[in-house]
């Protein structure tokens, strides 16, 4: 080993230590996730939830449109009916290990029962734990649309009253009378 090689080797060691010293106290680009919350865009599509009406009843009417719209087929449900004729899902199941969070189920839902939230912390150790049942999906609030009530907007037959006679219900419009 010559003196020149020794000086070059020593110089590279000093240069390396100098570069480490420069970058050791610089501002870090890496965000420390649990301590610093991650910025999520306003329209971020995360975990799917089932919401309730402002009255507290389930919004889902088990129309099966969400399951049909799902491109990967991860939604399954079974329709049941109450004594007053209202439909509800007897069971509602989403397999999040197959879900691609595309949001097509939310767009297809006529009652805004299915909504995508900005929650993304869904990691599990076992694949079976990613199958969510209705009890896991149902939240206590109305979600993004707090004032929307499907049965008030769409109407539902009430025993003993004709269309347009119920409280907060508009009179029916004769659409054929609107033609020129």
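Positions of Cβ are set from backbone N, Cα and C atoms, glycine also.
What Swiss-Prot lists as [4Fe-4S] cluster 1 binding site is 60, 63, 66, 109, and the listing cites sequence analysis. Swiss-Prot lists 70, 99, 102, 105 with the feature [4Fe-4S] cluster 2 binding site, giving sequence analysis as the kind of evidence. As annotated by Swiss-Prot, domain '4Fe-4S ferredoxin-type 1' applies to 48-80, with the evidence given as sequence analysis. Among the features that Swiss-Prot reports, domain '4Fe-4S ferredoxin-type 2' is placed at 90-119, with the record citing sequence analysis.
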Fill in: Reduced DSSP assignment, residue 105 ([4Fe-4S] cluster 2 binding site)
helix
Worksheet item: If you count Cβ atoms within 10 Å of the Cβ of residue 60 ([4Fe-4S] cluster 1 binding site), leaving out that atom itself, what do you get?
Response: 25
Item to complete: Select the closest residue to residue 105 ([4Fe-4S] cluster 2 binding site) from the following binding-site residues, measuring between CA atoms: 60, 63, 66.
Response: 66
Fill in: Residues in the domain '4Fe-4S ferredoxin-type 1' (48-80) grouped by DSSP into helix, strand and remaining coil
5 helix, 11 strand, 17 coil
Worksheet, complete the sentence: Students should find that the Cα atoms of residue 63 ([4Fe-4S] cluster 1 binding site) and residue 102 ([4Fe-4S] cluster 2 binding site) sit apart, in Å rounded to an integer, by 20
Discussion item. On the three-state reduction of DSSP, what should I expect for residue 99 ([4Fe-4S] cluster 2 binding site)?
Written reply: coil
Discussion item. My understanding is the cutoff is Cβ-Cβ under 8 Å with a sequence separation of 6 or more in the same chain; which residues meet that for residue 70 ([4Fe-4S] cluster 2 binding site)?
Written reply: 104, 105
Discussion item. Give the mean pLDDT for the domain '4Fe-4S ferredoxin-type 1' (48-80) on the 0 to 100 scale.
Written reply: 93
Item to complete: Pop the Cα-Cα gap between residue 109 ([4Fe-4S] cluster 1 binding site) and residue 99 ([4Fe-4S] cluster 2 binding site) into the table, whole Å please.
Response: 16
Fill in: Between residue 60 ([4Fe-4S] cluster 1 binding site) and residue 102 ([4Fe-4S] cluster 2 binding site), the C-alpha gap once rounded to whole angstrom
19
Response to the item:
Same-chain, non-site residues whose Cβ lies within 8 A of the 70, 99, 102, 105 Cβ center for [4Fe-4S] cluster 2 are 48, 66, 69, 71, 72, 74, 75, 100, 101, 103, 104
Worksheet item: How many neighbouring Cβ atoms, not counting its own, are there within 10 Å of the Cβ of residue 109 ([4Fe-4S] cluster 1 binding site)?
Response: 21
Worksheet entry | Nonlocal residues around residue 102 ([4Fe-4S] cluster 2 binding site), in sequence order (Cβ under 8 Å, 6 or more apart) | 45, 71
